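Notes to accompany the following structure.
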Amino acid sequence: MTQRVLLIISGGIAAYKALELVRLLRKRGIAVRAVLTQSAQQFVTPLSLGVLTEDHVFTQLFDLKDEQEIGHIQLSRQADLVIVAPATANILAKMANGIADDLATTLLLATDKPVLAVPAMNVRMWHHKATQRNLERLHADGVHIMTPDDGAMACGEFGKGRLPEPEAIAAEIERLLALPKAPDPLADQPDFAREARLFSTSLETDGALVGKHILITAGPTHEPIDPVRYIANRSSGKQGFAIAAAAAQAGARVTLVAGPVHLPTPPGVTRVDVETARQMLAAVEAALPADAAIMVAAVADWRTADAPDQKIKKDGTGQPAPLALVENPDILATLGHHANRPTLLVGFAAETQHIADHAQAKLAKKGADWIVANDVSGDVMGGDANAVQIVTAAGIESWSTLPKSKVADKLIEKVAHALAALAD
Ligand code: CTP
């Protein structure tokens, strides 16, 4: 079935790039219906958009003809995804506060579909506390937010605030459209839990990662031997899920690529479920770019050279099992040397001896910035506590044994500080 998006274009200089975005989406077979705010019409005409979308372009809330034919509530719900691109500081502020004073903002308030906002504005407007506060609130409301690009601005200034390239926006739209139609991740939680999440200020990092994309892998991978057997390991995924929860709480857009685990998705986290190492690598690469990637998964180092469609039968001769193993791709090392390398790359190392030495060696080998080394000789795998050492080029930091949730909070705090320092 054709996927449909509703593209709301608000009035910034980057609005002209929305035309290219429409072209790219149509090329991918996605139907686009467009809405222009009044100020967007200073940059883009309904005529050019209408030609590209091959559809009527909507501009007015009180247009009797439009309203009779389709109605704004219907318009807001006939799409699989609602996109605001470019999203100006003004429309973000209205969205964050539930203001509905024109067609675009009314649709955004009336929709029951996922919303993606792609901000574009002057660098100072982006960094303004009011904008950051609005983004934090929108994130908590479940709006997907893309991080603007850095670079020269139309106004002559330089910094963060440029609309991401239409190709990158189209890729993000495809990714969101491909996600399973997840019910509201907070819907099955009691109201008090929902409120606690929305209004909690317990973390020092609350809001520190707004506008950042954090990519996390977690859990084991399963490598099939045949249709009924697989190679696995004892990773529970708890540490990776706790880190994803802490990153979301800090305001980040979080993509969690999870191997087969029995854990609920933390609120506000976009989860991609995979089974094998190769699927995990593909999902990780599809989720790029990221400001930070934290690779917590216990990826199987080997897979079978061949996994037949039929169950392998024993032949009763007492010969060794007919299992040839080949090496899996190293996801962390692939990211460490990737053209689209995350700004901050963090790996985990599960060791049973010479922990710090091995972690130092892994840092260099994998091209990571930090290695979080943990001693797995006890019951770390599956347990609720973890004693870690953070190995960086600058040295080694040892943390006492902490619950996995506290390790997650501390790590996310450290990530937030590092990203802030890198941005300065
Ligand atoms: N990792 C990965 N892809 C792999 C193997 C590991 O991304 N195929 C990542 C893990 O997520 C972790 C880090 O690499 O962040 C370290 O994993 P570990 O298994 O400890 O390292 P190995 O490279 O397997 O080294 P060794 O076998 O010597 O322990």
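Every residue, even glycine, has its Cβ placed from backbone N, Cα and C.
Computed from a predicted structure; not experimentally measured.
CTP binds K311, P329, D330, I331, L332, F348, K362, K366 as TrEMBL records it, and from the list D301, D384 the residue named for this site is D301.
Ranked by how many other Cβ atoms sit within 10 Å of their Cβ, the recorded positions C155, I331 place C155 at the bottom.
Take the CB of D301 (CTP binding site) and look out to 10 A: across all protein chains shown you find 14 other CB atoms. Overall, the recorded CTP-binding residues D301, K311, P329, D330, I331, L332, F348, K362, K366 cover a maximum inter-Cα distance of 37 Å. The binding-site residues under consideration are P329, F348, K366. Their Cβ neighbour counts within 10 Å are lowest for P329.
Rounded to a whole number, the C-alpha distance linking C155 (active site, proton donor) with P329 (CTP binding site) is 45 angstrom. In this structure, the recorded positions that sit close to ligand 1, with a C-beta under 6 angstroms from any of its atoms, are D301, I331, F348, chosen from C155, D301, I331, F348.
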